[in-house]
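Student: Please see the structure below; I have some questions.
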């Protein structure tokens, strides 16, 4: 390390000597010592020279010039002042007055009297020339004057040509001197700049060398200290303590060797760090020198460009003065070269701009593609979410259906015997028809299952409303809506074989009389001549309640039915020997007793309608089958008596009224019996179709289907017996010609009373909802 310190010290001394030489060169060039501290004013003057100085120095210099009086004043003040300006305005006013005065004078002056004067004779040019030719003295005089004028003009011409030549020479000499002076000045500036740069570089080298010397000295001191410590044993704990024993043993000898190894490793690491630090310090000035060289190259190029521009300007001036065509051609060539260079630069810039625009367009396209992909992913994810929701709804619906079936089985087993006894009183003549359970299972769509799941959730609320109402509500108007004809692709299924009745038109009148809420209120009575198209198609159960009355009324605004309704197959319905004129079906929605209606017209689905409504309603109503059948017997008897009284009061002849009442009562009972039988058959078909797909509930469903078959057979036999008696009664009612008009009147009256009752029912429902809230 001692050798390294010596070498560094030698380098430092050499650098100091070179710095001294640079300072001497600067002193020769500038005439002053760069190490001397200059006064502030002199420094500002030096900085504000040509091309140098900025900021406050230049401002102070300007102030100095303005104070000395050599330069222009700081602010040109108006010496004359405001009075002179006002006086100028006054002058302009006076001038304007003087201009306007002559006009006024012309107006004021009186007109002069006209006078006739003889004109003087003008001498012609010929007369004048003749007079001059006659005078010889005048000729001589004119010649002398002309000669003098020509001589003076020639002298002026000669003098002007000589002056222009001298001026041209002087201008050329001055231009050359100026160019030389500029070159010398630039050289001096470059030398001065280089000298100062050398001085800075030398100073940085000196600083680095001084730092290196200091580091080397510190390293030497550290090495000397550690060389003394290496003979001792170092403790493993920190802070490290160095000790030595008076008597050495092999264990202590091992400890000394270990400590020496550790210390030597520490010395080597410290040496490596020292060498790396010195290398870094040497690399820094190299980088600075490289940057300085680059700056010098740039400056040299700028100087060359300025010199070339100066030469081109000199050539242009010479060519303007001398008018040499050859030089003109050279200047044009030089200008063309410059224009080409400028055009190349412009073309390069345009190419760069085009490349940038292309890059931007590519980026925009990539962004648009990414956005489109994201939108597609979102669209793909949306149907997946919809399918998940549908699966959840189906799962919930299946659970609810299983639970309801278990409850229905228990209720139906208990109510088989009393329901058969009670329904036997109500059953009237009915047509036989077949039900296909396999088609029912196939025709049901998952959309209907979703709707059934939603309606199953609403059924508990309806049960609570039924429990809260001890008295039945007034009659509701149920209007069948005409269903639009389905698409031609759907083929109608084969018609069932029906037993026609020759004498009576195929209409069944269902009379249902509500139980009075109070004794003072009148009991509205409604009649419905409803054609029952009996279809082999799977049908929805619609159990008629004692408060619901079906009326065929003309609908002013036909409603658009859902897609499930439009897809239902069309069937030509033939009943009692009468073919309906139009191939339309009137979908009637089954109305629940406690259901709140917002619209004035309630759409009700009867047994004659297709599979448009879901199975959930029929299942929900199957629970209350026994209670409804009990009330049906009393309602049928009361409806028959009320129908006789109403028809007799509205008709003109007593014979026609009695026949009409008997026919209406028979038709109403037959309609109710048909609905009961059809609902039982459809429910049995549904149970059969479901029992096939569910293996774990086969035993229970088998028992239930057997019970229902028994009920169906007994109901059909009774309907056959009652149909004969009903047909004989209907023949008597058909003899009267005016029966149809009377029926229409009764329908209109019943519709009015039903509308009133439905409005009062809405008010009660709204009151109940408000109380619950």
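In case you wondered, yes, glycine gets a Cβ from its N, Cα and C as well.
As annotated in Swiss-Prot:
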- 2-32: coiled coil (COILED)
- 163-234: coiled coil (COILED)
- 287-379: coiled coil (COILED)
- 87-100: compositional bias 'Basic and acidic residues' (COMPBIAS)
- 120-139: compositional bias 'Basic and acidic residues' (COMPBIAS)
- 280-316: compositional bias 'Basic and acidic residues' (COMPBIAS)
- 330-340: compositional bias 'Acidic residues' (COMPBIAS)
- 341-350: compositional bias 'Basic and acidic residues' (COMPBIAS)
- 359-379: compositional bias 'Basic and acidic residues' (COMPBIAS)
- 481-499: compositional bias 'Pro residues' (COMPBIAS)
- 500-529: compositional bias 'Low complexity' (COMPBIAS)
- 537-555: compositional bias 'Low complexity' (COMPBIAS)
- 611-631: compositional bias 'Basic residues' (COMPBIAS)
- 632-686: compositional bias 'Low complexity' (COMPBIAS)
- 758-773: compositional bias 'Basic and acidic residues' (COMPBIAS)
- 109: SUMO2 cross-link (CROSSLNK)
- 121: SUMO2 cross-link (CROSSLNK)
- 137: SUMO2 cross-link (CROSSLNK)
- 155: SUMO2 cross-link (CROSSLNK)
- 157: SUMO2 cross-link (CROSSLNK)
- 228: SUMO2 cross-link (CROSSLNK)
- 280: SUMO2 cross-link (CROSSLNK)
- 304: SUMO2 cross-link (CROSSLNK)
- 311: SUMO2 cross-link (CROSSLNK)
- 359: SUMO2 cross-link (CROSSLNK)
- 365: SUMO2 cross-link (CROSSLNK)
- 584: SUMO2 cross-link (CROSSLNK)
- 2: N-acetylalanine (MOD_RES)
- 48: phosphoserine (MOD_RES)
- 54: omega-N-methylarginine (MOD_RES)
- 66: phosphoserine (MOD_RES)
- 96: phosphoserine (MOD_RES)
- 114: phosphoserine (MOD_RES)
- 115: phosphoserine (MOD_RES)
- 238: N6-acetyllysine (MOD_RES)
- 347: phosphoserine (MOD_RES)
- 375: phosphoserine (MOD_RES)
- 445: phosphoserine (MOD_RES)
- 452: phosphoserine (MOD_RES)
- 608: phosphoserine (MOD_RES)
- 748: phosphoserine (MOD_RES)
- 751: phosphoserine (MOD_RES)
- 46-139: region 'Disordered' (REGION)
- 221-284: region 'Sufficient for PSAP complex assembly' (REGION)
- 280-386: region 'Disordered' (REGION)
- 404-555: region 'Disordered' (REGION)
- 595-773: region 'Disordered' (REGION)
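Could you give the neighbours, burial and distances for every feature on this list?
Tutor: Here the coiled coil (2-32) has Cβ contacts under 8 Å with residues 38, 188, 191-192, 195-196, 198-199, 202-203, 205-206, 209-210, 212-213, 216-217, 220 of the same chain, all six or more residues outside its ends.
Confidence across the coiled coil (287-379), taken as the mean pLDDT and rounded to a whole number, stands at 67.
Within the same chain, no residue sitting at least 6 positions outside the compositional bias 'Basic and acidic residues' (120-139) brings its C-beta atom closer than 8 Å to a C-beta of that stretch.
Long-range contacts of the compositional bias 'Basic and acidic residues' (359-379) within the same chain: none, as no residue at least 6 residues beyond the stretch ends has a Cβ under 8 Å from a Cβ of the stretch.
Taking DSSP states H, G and I as helix and E and B as strand, the compositional bias 'Basic and acidic residues' (758-773) has 15 helix, 0 strand, 1 coil.
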Student: If you measure from the Cα of residue 228 (SUMO2 cross-link), which of the recorded sites 137, 155, 304 is the nearest?
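Tutor: Smallest Cα separation from residue 228 (SUMO2 cross-link) among 137, 155, 304: 304.
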Student: Cα-Cα separation of residue 157 (SUMO2 cross-link) and residue 137 (SUMO2 cross-link), in Å?
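Tutor: That comes out at 31 Å between the alpha carbons.
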Student: In whole Å, how far does the CA atom of residue 280 (SUMO2 cross-link) lie from that of residue 359 (SUMO2 cross-link)?
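Tutor: With distance taken Cα to Cα, residue 359 (SUMO2 cross-link) is 42 Å from residue 280 (SUMO2 cross-link).
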Student: From the recorded positions 137, 304, 375, pick the residue whose C-alpha lies nearest to the C-alpha of residue 238 (N6-acetyllysine).
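Tutor: Nearest candidate: 375.
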Student: Out of 304, 359, 375, point to the one nearest residue 137 (SUMO2 cross-link) in space (Cα versus Cα); all of them are recorded positions in the record.
Tutor: 304
Student: Taking only same-chain residues 6+ apart in sequence, whose CB is under 8 Å from that of residue 365 (SUMO2 cross-link), what do you get?
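Tutor: Non-local contacts for residue 365 (SUMO2 cross-link): none found.
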Student: Would you mind checking how many other C-beta atoms are within 10 angstroms of the C-beta on residue 280 (SUMO2 cross-link)?
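Tutor: Around the Cβ of residue 280 (SUMO2 cross-link), 9 other Cβ atoms lie within 10 Å.
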Student: Cα-Cα separation of residue 375 (phosphoserine) and residue 304 (SUMO2 cross-link), in Å?
Tutor: 61
